[in-house]
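Working notes, structure below.
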């Protein structure tokens, strides 16, 4: 009923419904998580750049994952904090920029996790060819294509979404500018946009997931063929950090898109979106720090321990 022909110049992000006390608690919790996320991701980037023990492609991909996690949380959290205590207006250009980031960085994450799975597959299943296949040029090429392809896909999708008409109703019942709330307030036919979204989503979500699953099936079969339990344990220990990160990331991603963004579960969807953009970037480097002995050694050495 809010579809009149007034041209929208700004959006109003409604954020969370709930008591003031709950919002204040959430505000401080988010600040702590965000600052910790910046610290631990910066630590991973610093260690990967400075330590000569972390020169392999796996740590090159990990450093890019940390850069991506910092960018993802920074594109959402600071503005979210300002909308949390009171509904906050956002210019159309700021909303479009944030929407682009929310398409771009999660897609880069999927591609990087697939590249890391491929790296582990080569290291464990084809160790003799690993050094010749996964060269520094090859890993740089994978990372460059990851950023470029996702930039292209995001530009196409954001442009298609921006061509929808938003006439009159500018209330976004969400914590940041994302496709679901923008689709809700559009008064245009979204059929073409939905087709573009589906076509672009295939290489972004299912394809990396298939690469990850097939890589791990091969890895598990290779590990089972190792005769000694020590050898099996050593081979699997190089994968456990990545596997934990993959399961968490895709678990939250699937939950985010299956929980409805309207009705009684709308607050749950908003919380999942925050977990996705805020907790995952903190969780990833912590998992690598806890489970990876090379990173632990590099950290102790940098601290002079």
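Using N, Cα and C of the backbone, Cβ positions are placed for all residues, glycine too.
Pulled from TrEMBL, these are the features on record:
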type	residues	note
DOMAIN	40-288	domain 'G-protein coupled receptors family 1 profile'
TRANSMEM	24-47	transmembrane segment
TRANSMEM	59-81	transmembrane segment
TRANSMEM	96-118	transmembrane segment
TRANSMEM	139-166	transmembrane segment
TRANSMEM	204-224	transmembrane segment
TRANSMEM	236-259	transmembrane segment
TRANSMEM	271-290	transmembrane segment
Q. Going along the chain, which residues at least six beyond the ends of the transmembrane segment (59-81) come within the CB cut-off of under 8 Å?
A. 15, 27, 30-31, 34, 37-38, 41-42, 44-45, 48-49, 88, 90, 94, 98, 101-102, 105-106, 108-109, 112-113, 115-116, 119, 136, 139-140, 142-143, 146, 175-176, 274, 277-278, 280-282, 284-285, 288, 294-295
Q: With a Cβ cut-off under 8 Å, give me the same-chain residues at least six positions beyond the ends of the transmembrane segment (271-290) that come close to it.
A: 30, 33-34, 36-37, 40-41, 43-44, 62, 65-66, 69-70, 72-73, 75-77, 80, 102, 106, 174-176, 178, 241, 244-245, 248-249, 252-253, 255-256, 259, 296, 299
Q | Outside the transmembrane segment (139-166), six or more residues from its ends: residues with CB under 8 Å to it | A | 8, 57, 60-61, 64, 96, 99-100, 103-104, 107-108, 111-112, 115, 118-119, 179, 182-183, 185-188, 190, 192-193, 196-197, 200, 203-204
